[in-house]
């Protein structure tokens, strides 16, 4: 490890940058901080809810929000959430989240460093070490800088630096660590460095099955590398690649069995489509992969013309296999007819492309222009490091964090008084409260906008109509309300993600609004208390005391407690 001491110090630097906002922001609130963490990404609190549900004993995460569907079908097992939940049993979830923001980005840096260092093949040469460190810094701290719109916003001062994407809970960071660990093991297999590297690679591939995008890219990489080995008649490498697949399939047999059961039949098809699958044969052109391909191709062409490519022959082949794997994951649907929200592959193809370009730059300039190469590498490292440091600025997030502390009294009361697996209904539309209850307590929620977790169509309809009634919508104004809340209809009833992210009054939206209006006319005349208690409901939370009219409709409701900002009622 003495050879890697600079890389280890840099990894610690990366980890400190990543964790800094999560530590410093609560400290700045002082006594106002009440345990609701700074989670800046939109899905952070959802991932926290998923981890908390695992801690509550619902290990397959069929439905992290609604109680009735805990044993429903599972499309994606929560393997990466388990990685957080296991240490959280001993140290607490909040502490593990903070620790993960340090250790996982640091680990990612070190894995990228080892991969790049292995490919350039100069462990004891300063230029090789600098290349590997540059690749690690560019991936962990500077990957946002490939977005030219974001760079223009930074230059003009119209947008602050984004929080580091690798500090987001669960994914993409766990997938990034798994992916680059797997690529490193594939490199060892390609170089025949460790005899049983395929065993570790098989286990690691099996662990990725919980996140399709790392799993798919890893499969594409092993396929591309195996093709290269076949063409070169290196059958021992092909054999080891097959062993990797066999180990992975054997370890994941339970998953494939349950997944095939979950997605079989028409109900399974609907569930898969609502979780991101679409059916198409259309090709996809990804700009990041295209740019990496052009750069690697130009670098290789120059090395080929100058007859210098043989010196790093196996490195070039590995680069081309990685490039090919990127094209495969974006275009496999041409053959299979199925794709799963391909945009998410960019989480990994962008950092992979960065590594490919840095290594290709080394191959290109090492002998012909080493001083220029040093200048390029230092510039990339400095810019990446400076941007990483700028992401530690948290002052603009303090108002948001202070606002979240207002929910702490409700969370504290539920943790102290509510039974496990209780169900809380938010009396008025408050998705923030719904998510925080699931993320910080052992309770479930009555409502959720995440309707793709195996929830039945009947329950989706019931909740939507009940929400309308709790908001006081009259039957005669239902149509006006539904068109005014068209996005709510879309987010609740989409059949695939193309519908979810489209806009406008499409025919399916218009038809569904007509059905909802008709159903609401009957629903609005029913007994409200019976409608609520058609499913488990232990508590209802309001920001204000309930009105006399609502009190008459809910005669069994009693006030359990009041907090600084909320009134909690129970049946």
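Note that Cβ sites are derived from N, Cα and C of the backbone, with glycine treated the same way.
Proximity of distant same-chain residues to the transmembrane segment (7-29), defined by a Cβ-Cβ separation under 8 Å and at least 6 residues beyond the stretch ends, is recorded for 1, 37-38, 40, 97-98, 101-103, 105-107, 109-110, 113, 129, 132-133, 136-137, 140-141, 163-164, 166-167, 385, 388-389, 391-395, 397-398, 401-402, 405. Taken from TrEMBL, the feature transmembrane segment applies to 7-29 (among others).
Taken from TrEMBL, the feature transmembrane segment applies to 88-116 (among others).
Marked as transmembrane segment by TrEMBL: 169-190 (among others). Listed as Cβ neighbours of the transmembrane segment (169-190) (distance under 8 Å, sequence separation of 6 or more from its ends, same chain) are residues 39, 41, 43-44, 47-48, 50-51, 80-81, 83-84, 97, 100, 104-105, 107-108, 111-112, 114-115, 118-119, 197-198, 200-201, 204-205, 207-208, 211, 213-214, 217-218, 221-222, 225, 229, 237, 240-241, 244, 314, 317-318, 322, 347-348, 351-352.
Taken from TrEMBL, the feature transmembrane segment covers 196-225 (among others).
The transmembrane segment annotation in TrEMBL covers 284-305 (among others).
Marked as transmembrane segment by TrEMBL: 317-334 (among others).
Long-range Cβ contacts of the transmembrane segment (346-365) within its own chain (Cβ-Cβ under 8 Å, at least 6 residues beyond either end) map to 112, 115-116, 119-120, 127-128, 131, 134-135, 138-139, 142-143, 146, 165, 171-172, 175-176, 179, 183, 213-214, 217, 286, 288-289, 291-292, 295-296, 299-300, 302-303, 309, 312, 315-316, 319, 322-323, 326, 329-330, 372-373, 376-377, 380. The transmembrane segment annotation in TrEMBL covers 346-365 (among others).
Taken from TrEMBL, the feature transmembrane segment covers 372-389 (among others).
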Interface check, the transmembrane segment (284-305) with the transmembrane segment (317-334), three or more C-beta pairs under 8 A | yes
Non-local residues, at least 6 beyond the ends, that sit with Cβ under 8 Å of the transmembrane segment (196-225) | 76-81, 171-172, 174-176, 178-179, 181-183, 185-186, 188-190, 237, 240-241, 243-248, 251-252, 255, 318, 320-322, 324-326, 328-329, 332, 340, 344-345, 347-349, 352
So which residues does the transmembrane segment (88-116) touch in its own chain, when a touch means Cβ under 8 Å and the partner is 6 or more beyond its ends?
-> 4, 7-8, 10-12, 14-19, 22-23, 35, 37, 48, 51-52, 55, 131-133, 135-137, 139-140, 164, 166-167, 169, 173-174, 176-177, 180-181, 183-184, 187, 351, 355, 358-359
